[in-house]
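J.: Questions regarding the structure given below will be posed in turn.
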Amino acid sequence: MTHMPARPVDGAEPLSALPAGPMRQAGTQRSGIYEISKVLTAPARLEITLANVVNVLSSFLQIRCGAIVVLDAEGQPEIAATGDIPPSSQSAARGVIPKAVIDHIATTGMPLIVKDVSKSELFQAEPQPPWSSGTVPISFIGVPVKADNKILGTISIDRVRNDAAPFPADEDVRFLTMVANLVSRTIRLHRFLNLEGRRPIGEQERPEKPIIAQRGAPGRHPPVKIDGIIGDSPALQQVVETVSVVARTNSTVLLRGESGTGKEFFAQAIHELSPRKNKPFVKLNCAALPEGVLESELFGHEKGAFTGAIAQRAGRFELANGGTLLLDEIGEISPAFQAKLLRVLQEGELERVGGTKTLAVDVRLICATNKNLEMAVANAEFRADLYYRISVVPIVLPPLRERPGDIPRLANALLDRFNKENQRELTFSSSAIEVMSQCYFPGNVRELENCVRRTATLARSSSIVSSDFACKNSQCLSSLLWKTDGSPGGITVDGHARSNVMPTSSPRSGGSIGASDEVSSVKACDPHGSGCPAMESRLTQRDRLIEAMEKAGWVQAKAARILGLTPRQVGYALRQHRIEVKKL
């Protein structure tokens with residue numbers, strides 16, 4: 001597709017000519033980016049994901065209609081997603097936005113701003129378009145969705161024009177451009193998976209499901225297995241499937257998730273499954289070192305570069321040459337160091353501290369963070385260009401509370417490890433499994449491991465029972481590490497409000513119960529109480545079960561996927577809580 005410089009069109013004005021509207025509150029844009037990031041990381045078909053993005057845009061911008069159009073290799077509309085019109089293919093795409101408008105944005109590669117569509121020839125090419133409102137004046141803003149200077153599609157909004165109010169084009173274009181950058185990476189990932197035969201793009205006949213094949217489903221691939229990764233929940237299998245695909249490439253991966261979800265473990269798995277598996281795997285925690293030391297650790301230093309530099313030393317980039325480098329806690333590095341790191345990532349070259357010789361490095365980069373980088377970018381705490389450089393393939397690791405069905409298998413595996421290390425033969429009773437399955441585990445798998453080890457160490461017999469757990473003896477202090485507050489997410493984890501930590505792995509509007517939904521029904525626990533920090537209340541479990549069943553139309557198999565359980569477990573829980581299944 002040929003790119004041409006932007007040219008004025010009838011009824012459209014260049015961005016600089018339009019009066020700058022009043023600045024929207026930064027918090028609104030941050031919240032919008034945060035919600036959109038949650039939608040984009042959720043497992044769903046591309047057209048469903050894009051329709052959800054438009055719905056979020058509609059809730060954060062005062063617009064009348066919004067649309068995202070994805071173009072195929074020939075530049076023709078392939079998918080059109082709107083908030084109020086079901087997503088469809090090429091024929092409907094031309095009806096959502098005039099083809100001339102799509103072509104103009106794709107050809108120029110620039111935003112298109114039209115203060116009054118009735119005065120623009122671009123909007124008169126097709127009679128009675130669905131966005132027409134008769135004599136009501138409509139303004140339009142559209143931006144391209146780009147990736148590596150290639151146009152993948154467009155994002156556009158329109159609103160009823162109010163001559164008495166300023167036209168906030170500048171702010172809208174900036175916000176939509178940020179959204180377009182996020183959307184472009186999702187489109188590229190879906191297309192990559194499509195080429196791998198994993199997930200057809202735009203396929204209408206398949207129901208909305210994660211890309212992971214369900215065990216035993218006819219005509220579907222069996223779940224992918226990675227050594228050491230335990231669990232069959234849909235949330236975890238989605239991650240495993242994505243990891244198995246991206247590992248075969250050299251694409252930069254951004255692992256996101258709360259502390260204790262296994263980011264370093266998955267980074268190691270990506271390396272072991274990659275063509276670089278026989279080369280070094282080097283890791284560094286960026287938050288553990290001051291900026292000056294961090295620069296020396298990553299880039300190396302020459303002899304005499306600073307006090308104490310008594311010999312030349314290779315940095316982590318050099319040590320990982322030909323292999324994989326994991327930068328953990330990437331969100332904690334300073335803005336000054338971000339610029340230095342960006343240069344190395346862009347050029348593949350570096351100089352040691354105190355040196356002048358340029359060294360070329362070939363490294364596959366994996367970054368990890370539990371920080372909300374979108375909010376950090378909006379707050380000017382994290383460089384946007386570095387964010388786009390490291391977030392080529394973002395993978396959100398689900399917290400343990402989103403896959404409670406995996407807790408029994410995880411606990412038994414951790415106990416087996418403890419037994420081998422200590423020459424013991426301990427087992428869990430059914431009551432012990434029930435206690436762990438009801439715990440919230442804000443520290444995720446790491447906290448579960450600590451719980452298993454502590455309980456196994458103090459167990460009174462070879463069979464661990466419920467009374468052996470610290471929470472049953474008013475000795476569990478985990479609740480002191482988190483508390484409810486007034487934040488949108490409702491709790492504090494790792495010292496941050498949930499809304500400031502990470503996008504969850506599923507959108508609030510999607511089929512699964514996200515972290516925020518679970519947390520909203522959980523109250524802070526008394527550290528001196530008799531139960532685990534959360535989810536110990538039968539009332540809370542019952543409410544969550546009913547909510548999932550209602551979302552699933554009272555179909556147990558669908559509710560099981562929402563809760564990360566098996567249909568048999570859901571059926572048992574329904575009987576246990578004496579919930580009558582509705583016949584719809």
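The backbone N, Cα and C atoms fix where each Cβ goes, glycine too.
Take a look at what Swiss-Prot says about it:
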| type | residues | note |
| --- | --- | --- |
| DNA_BIND | 556-575 | DNA-binding region |
| BINDING | 257-264, 320-329 | ATP binding site |
| BINDING | Cys471, Cys476 | divalent metal cation binding site |
| DOMAIN | 45-187 | domain 'GAF' |
| DOMAIN | 229-457 | domain 'Sigma-54 factor interaction' |
| REGION | 1-24 | region 'Disordered' |
| REGION | 458-541 | region 'Inter-domain linker' |
| REGION | 495-518 | region 'Disordered' |
| REGION | 542-584 | region 'C-terminal DNA-binding domain' |
J.: Rounded to an integer, what is the Cα-Cα distance in Å between Asn321 (ATP binding site) and Cys471 (divalent metal cation binding site)?
T.: 47
J.: Which of the three DSSP-derived classes (helix, strand, coil) applies to Thr324 (ATP binding site)?
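T.: In three-state terms, Thr324 (ATP binding site) counts as strand.
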J.: Could you break down the residues of the DNA-binding region (556-575) into DSSP helix, strand and coil, giving a count for each?
T.: 17 helix, 0 strand, 3 coil
J.: Measuring Cα to Cα, how far is Leu327 (ATP binding site) from Cys471 (divalent metal cation binding site) in Å?
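T.: A Cα-Cα distance of 36 Å.
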J.: By a simple count of other Cβ atoms within 10 Å, which of Gly257, Gly260, Lys263, Asn321, Thr324, the binding-site residues in the record, is least packed?
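T.: The binding-site residues Gly257, Gly260, Lys263, Asn321, Thr324 were compared, and Asn321 has the fewest Cβ atoms within 10 Å.
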J.: In DSSP terms, helix, strand or coil for Cys471 (divalent metal cation binding site)?
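T.: Its secondary structure by DSSP: helix.
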J.: From the Cα of Gly260 (ATP binding site) across to the Cα of Cys471 (divalent metal cation binding site), what is the distance in angstrom?
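T.: Given the Cα positions, Cys471 (divalent metal cation binding site) is 20 Å from Gly260 (ATP binding site).
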J.: For Leu327 (ATP binding site), just count the other CB atoms lying within 10 A of its CB, please.
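T.: There are 23 of them.
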J.: If you count Cβ atoms within 10 Å of the Cβ of Cys471 (divalent metal cation binding site), leaving out that atom itself, what do you get?
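T.: Result for Cys471 (divalent metal cation binding site): 25 neighbouring Cβ atoms inside 10 Å.
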